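Participant: Quick one: structure below, then a few questions.
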Amino acid sequence: MCGIIGIVGNQPVAMRLVDALKRLEYRGYDSAGIATLVDNQIARSRAEGKLVNLENRLAAEPLSGAIGIGHTRWATHGAPTERNAHPHATEQVAIVHNGIIENFAELRTELEAEGVKFQSDTDTETVAQLVARNIRSGDAPVEAVRKVLGRLRGAFALAFLFTGENEMLVAARRGSPLAIGYGEGEMFLGSDAIALAPFTDKISYLEDGDWAVLTRDSVTVYDEGNHPVTRVVQQSSGAAYVVNKGNYRHFMEKEVYEQPEVISRTLAHYLDFSSSSIRTDVNNIDWSKINRMAMSACGTAYYAATIGKYWMERYARLPVEIDIASEFRYREMPLSTDTLALFVSQSGETADTLASLRYCRSQGLPIAAVVNVRESTIARESDIVLPTLAGPEIGVASTKAFTCQLSVLASLALSAAKARGTITPAEEKELVDQLGNLSGVLHEALKLAPKVEAICRDLMNVKDVLYLGRGTSYPLALEGALKLKEISYIHAEGYAAGELKHGPIALIDETMPVIVIAPFDRLYEKTVSNMQEVAARGGRIILITDKEGAKHANVDAHSVLIMPDVPEFISPLVYALPIQMLAYYTAVFMGTDVDQPRNLAKSVTVE
Ligand code: F6R
């Protein structure tokens, strides 16, 4: 969840570390800090809150030094204060850490019994103190780290900077991702390739259990058994990404507006629009051997997967089990090898999703993953990678990654349906054409922004919101509620419209907005009945529908958002846009931190 960076350089590193941290801030923004060596001694600068605070501090009190490490934090152990900000340091060593040291309490007790005084409440400082103790007892820095790694439980990526070692950093990874960047007369380490993009495009990825010694001219990698190993150096695409907001106010806004383009790009990877057919060569799934699927994911990716389940079952007639990854990993579900395990993740690093993948691997299942970050751990550990071509998503609230996940899942359902003979060639053509027409419809939907804004001027004043939908609009209702609460901090719940009368209807009164997602499809009438139950109890209805839907609503809605007409299959991709915009403009009016909402981080690499 935190971002880490390290440079063994040949020029001042402080501002280069900060530059890299800017590209990692999506991983956490509770505090930030750097450490360099000044006259062979560790010097630190740390600040609570956003990276800009650290930048300001460094502008007032610069740090020199050509070697250093940096960190941007998402707090796990210890409040987000300066005292708990990384790097944590002793006289001998400074470290930055991403992940959790699970046995830190017992290690800390051991050290405190020896008289070690801790300066923070973090699990991380235990590692620094253990290494320092080994150095004090006469171990060389590398040996000191090697011994400590053997004592740590949990998931981590670590970087170490040592007093008196002007040309060496040590890095280690177990669970959390870590990449090494190769420069000319300098070396880098970082949580991902995007962080290293300004410095180099030659990247290698440490594998689980690896640790490495970096000097200005060399990188030596060791595996978990401490044997030297070679990790392939690849050309990274990270450098190609321009991470800026352009003319938009927020990354989220930019990412919402990018959707027509990135969805088309993603679909074109899986579908051949010139012949209105499915590209059969883009996944190597042997559908004849698959009788069911087990999907799991977290958060927004889980809602995308849930919509994928509806498609897979309806069009390919393939039964799908779906779980939230944090539940799946401990559910010990009996699995047979005719089950395709499918994981959905933007970052490809989510700890619970990765653990679920590893459980399925241990059960001998074929593994497929829908991922946005091609170099991620989930991608690397999957048999079949189904990329979303969304480009980097910086806003913490997922938008374009969600709709690109839907694009891949829709294509995959059609691919399975074709292979299993559950759609005819005419249906294949029809459904591919529907996806092919998306771009224009999405542009139309984005034009609704002023109408959405008008609704949000009202929404910003409420405390609770209910989202309702049926069929694929039900997971979309869940996603709408998640989006609203995570960036506007308004309490919101999503419900299957039919569930309303089983409890939540008790909440309805004239202060409660109920957002109903109801395209005019085969489920429309049912949803309308539920909407009328809300209206009868004075609820304030915000109806998202199309022209026909608006005509047949028969209810006095507070607001109606009229969407372009779309076939049922592709409606989740189109109706995703207004729910994203509803959350976005509400949050903007409320003045919250849209791209970096409180308490959250983009990449969740802890349980
Ligand atoms: C919400 C959001 C999160 C993520 C979830 C999974 O807007 O972004 O709910 O969807 O943390 O992350 P990934 O997709 O990286 O596995």
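Numbering starts at 1 and runs along the chain as displayed.
Positions of Cβ are set from backbone N, Cα and C atoms, glycine also.
Straight from TrEMBL, here's the annotation block:
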type     : residues : note
ACT_SITE : Cys2     : active site, nucleophile
ACT_SITE : Lys602   : active site, for Fru-6P isomerization activity
DOMAIN   : 2-217    : domain 'Glutamine amidotransferase type-2'
DOMAIN   : 278-422  : domain 'SIS'
DOMAIN   : 455-597  : domain 'SIS'
Participant: In Å, rounded, how far does the Cα of Cys2 (active site, nucleophile) sit from the Cα of the residue listed as 'active site, for Fru-6P isomerization activity'?
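Facilitator: Checking the Cα atoms of Cys2 (active site, nucleophile) and the residue listed as 'active site, for Fru-6P isomerization activity' gives a distance of 9 Å.
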Participant: Sort the residues of the domain 'SIS' (278-422) into helix, strand and coil with DSSP and give the three counts.
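Facilitator: Within the domain 'SIS' (278-422) the tally stands at 65 helix, 28 strand, 52 coil.
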Participant: If you count the C-beta atoms lying within 10 Å of each candidate's C-beta, which of the active-site residues Cys2, Lys602 ends up with the smallest number?
Facilitator: Lys602
Participant: Please spell out the DSSP helix, strand and coil residue counts for the domain 'SIS' (455-597).
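Facilitator: Looking at the domain 'SIS' (455-597) with DSSP, the answer is 72 helix, 27 strand, 44 coil.
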Participant: Can you give the mean pLDDT for the domain 'SIS' (455-597), rounded to a whole number?
Facilitator: 95
